[in-house]
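Peer 1: These came from Swiss-Prot, pasted as-is:
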- E182: active site, proton acceptor (ACT_SITE)
- D45, D84, E115: Mg(2+) binding site (BINDING)
- D45, S46, D84, K113: 3-methyl-2-oxobutanoate binding site (BINDING)
Amino acid sequence: MLDKKMSIATLKAKKGIEKITAITAYDALMARIFDGEVDVILVGDSLKMSFGGENETLGASMQEMIYHTKAVCKGAKHSFIIADMPFGSYATPNMALKNALRFYKNTAADALKLEVGIDKLPVVKVLCEEGIAVMAHIGLKPQFMRFDGGFKIKGKDEVESQELIEAAVAFQEAGVFGILIEGVKSESGARITQALEIPTIGIGAGVECDGQILVWSDAFGFFDEFKPKFVRRYCDGKAILKDAIRAYAKDVKSQAFPQAQESY
């Protein structure tokens, strides 16, 4: 349990010493539950899938991301809060800076995460030069799933692995404080992590990353239509809530609820 606000300096100091823990959240309620139990809370555009029922993340808007980030910031006072910049909000350096400043002015997010390839290096540089804390997201990038033809594992061979390493190093030199690595072969995840002085957080990128993150509804069994290989379920949350709602409905129908102690 964190007893004070997590910082970039503390996250960087954990590299090679203690694994970084991270989870997603999209509202104040879940943020309060997770706050201080993990180092990082990510307000991911994955909310369009796990929260909005869609099959991709591309529909997330700036307005939605700001709304959910504000909610999470109200609920979490100790964990480090990172917000995703949605698809289309950082196509050019000027657009990226305008939208990043909008995030910073309208939320209490500690940092922003961008899904980027090496072509977006100018975007990353502009944000870092303006004092905006940036995490670069490399490997499998859900915002580009249409371009890639689906969710495809990266870093499968030496060429892909080396390209990811070179991109990660370039982003480090541009000023990012960390790298999120998604959906890459474990060996590539390890090589990227070893090549960097800044921490890496993995999701489906192997145990050698400096930290791990999962989508909360995957980790706690609220989404069971599909389970990626990298997900471990820590409880069957869907079944727990199903039992609870059925018990509630049964009590209402049988007039077992409310009773005298629950009435004015």
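Here the Cβ of each residue, glycine as well, is placed from N, Cα and C on the backbone.
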Peer 1: Far apart in sequence but close in space: which same-chain residues, 6 or more away, have a Cβ under 8 Å from K113 (3-methyl-2-oxobutanoate binding site)?
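Peer 2: Same-chain residues close to K113 (3-methyl-2-oxobutanoate binding site) (Cβ under 8 Å, separated by 6 or more) are L42, G44, I82, A83, D84, M85, V134, M135, A136, H137, L180.
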Peer 1: Taking the Cβ of D45 (Mg(2+) binding site) as centre, how many other Cβ atoms lie within 10 Å?
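Peer 2: 29, counting other Cβ atoms within 10 Å of D45 (Mg(2+) binding site).
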Peer 1: Can you check which residue among the recorded positions D84, E115, E182 has the largest number of Cβ atoms within 10 Å of its own?
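Peer 2: Counting every other Cβ within 10 Å of each candidate, the maximum falls on D84.
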Peer 1: Counting across all protein chains shown, how many other Cβ atoms sit within 10 Å of the Cβ of S46 (3-methyl-2-oxobutanoate binding site)?
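Peer 2: Cβ-Cβ neighbours of S46 (3-methyl-2-oxobutanoate binding site) within 10 Å number 21.
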Peer 1: Given the binding-site residues D45, S46, E115, find the one whose Cα is closest in space to the Cα of the residue listed as 'active site, proton acceptor'.
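Peer 2: Closest candidate to the residue listed as 'active site, proton acceptor', judged by Cα separation, is E115.
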